[in-house]
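K.L.:
Okay, here's the structure, questions in a sec.
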Amino acid sequence: MPAIVIVGAQWGDEGKGKATDLLGGRVDYVVKPNGGNNAGHTVVVGGEKYELKLLPAGILSPNAIPIIGNGCVVNLEALFQEIDGLEARGADTSRLRVSANAHLVAPYHQVLDKVTERFLGSRAIGTTGRGIGPAYMDKVARLGIRVQDVFDESILRQKVEGSLRQKNELLVKVYNRRDIIADEIVEYFLSFAERLRPLVIDSTLELNNALDEGKVVLMEGGQATFLDVDHGTYPFVTSSNPTAGGASVGSGIGPTRISRSIGIIKAYTTRVGAGPFPTELFDEMGVYLQKTGGEFGVNTGRPRRCGWYDAVLARHASRVNGFTDYFVTKLDVLTGIEQIPVCVAYDVDGVRHDEMPMTQTEFHHAVPIFEYFDGWTEDITGARTLEDLPENARNYVLALEKLSGTRFSAIGVGPDRDQTIVVHDLIND
């Protein structure tokens, strides 16, 4: 069987965890191909809410093998804290595997992340402060430490010492912080070796063998399209490629083996941290969406910025990722709103743009051009088909589908996995 990739189509927090959980019972592997413990997602199973950060949502699917892929950066302390938290609630985490080639987040990465954000002041990106960016910087600079290095103390020490030569210069001379002792970092990593060893595999080989055997592999992208370091609203982005192409790189599964590219998109739009957001609301309606939608970060608790659905973003995300399907989430949050605006194009200095402006400056100047749709007051959380939806809710969904350029195959009408309208099967249709 070919592989399936799930990608956020906005700025994150679209409900990728729900989509993965919904499909998890029908797949054999769930892979996290990028990111670290900076991108939290919430999964609701049987009324129980689970907030996951580093672990793939597939950890809650009893028949799927969850894998942290080679494109991830792993904070070992956070990993085992998350595992322990799930096990304390009765979850089985014994199937979890970690790629030997995944990079590690060191304590000094977290220090650098926080002091750099403070140093930037008003120009700060708004990172989570968890060291993800600095870990990816080391990976690209060939200074990174990988999971496999924890099992070879000589290599580990050599890499830590090499990395700290540069970082201590920066910490002491620029940020006026004390230097970091290499021995302490080596001991920190070695303390996890015994517990880590049984989890580590050659994930590329494992996944490709599974596909050869006819098994189904689901790749669960972290963050989202417009946080992609290449395709996002640079520089207000993450440090990896959370697009469909990045999922291929971060898992070791070749692009020709991917049959479905599924975009996860909210029925409105949210964003955390700094950066442009054309449809952002600064009034009571923004607060209403925030409170009704529970729009607070899983990792940081920060309130998410809220705005209306942006079809320009949806079309661009579909193009960049080659989406075959959209899974729309949180339609129920819009219940009770009299009129719902949808951004169909931008006005940039008097010129209409139906597609994403080419430059960062133009996007910062983009003013949304709205079309308006009548809302609905009926409770839709029990809807399981399009026909179950009130007429205005159905019209809204069909309009978004047409504007977004990709078929809507599933629609979330509540937080639980079964509160979903499935229009087209996401694996076989």
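Using N, Cα and C of the backbone, Cβ positions are placed for all residues, glycine too.
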K.L.:
For the IMP site that Swiss-Prot assigns to Asp13, Glu14, Gly15, Lys16, Asn38, Ala39, Gly40, His41, Arg142, Gln223, Thr238, Arg302, which of the candidates Thr128, Thr292 is also assigned?
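P.N.:
Record check against Swiss-Prot: IMP site with Asp13, Glu14, Gly15, Lys16, Asn38, Ala39, Gly40, His41, Arg142, Gln223, Thr238, Arg302, extra candidate from Thr128, Thr292 is Thr128.
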K.L.:
Which of the three DSSP-derived classes (helix, strand, coil) applies to Gly301 (substrate binding site)?
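P.N.:
It is coil.
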K.L.:
Fewest other C-beta atoms within 10 angstroms of its own C-beta: which of the binding-site residues Asn38, Thr42, Thr128, Gln223 fits that?
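P.N.:
Least crowded of the binding-site residues Asn38, Thr42, Thr128, Gln223, by Cβ count within 10 Å, is Thr42.
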K.L.:
Considering Cα atoms only, can you say which of Gly15, Asn38, Thr128 is the nearest neighbour of Pro303 (substrate binding site) among these binding-site residues?
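P.N.:
For Pro303 (substrate binding site), the spatially nearest of the binding-site residues is Thr128.
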K.L.:
Based on DSSP, name the secondary structure state of His41 (active site, proton donor): helix, strand or coil.
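P.N.:
The three-state answer is strand.
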K.L.:
Does DSSP put Val413 (GTP binding site) in a helix, in a strand, or in coil?
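P.N.:
Coil, per DSSP.
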K.L.:
Given the binding-site residues Asn38, Gly40, Thr128, Gln223, Arg304, tell me which ones have a C-alpha lying within 10 Å of the C-alpha of Lys18 (GTP binding site).
P.N.:
none
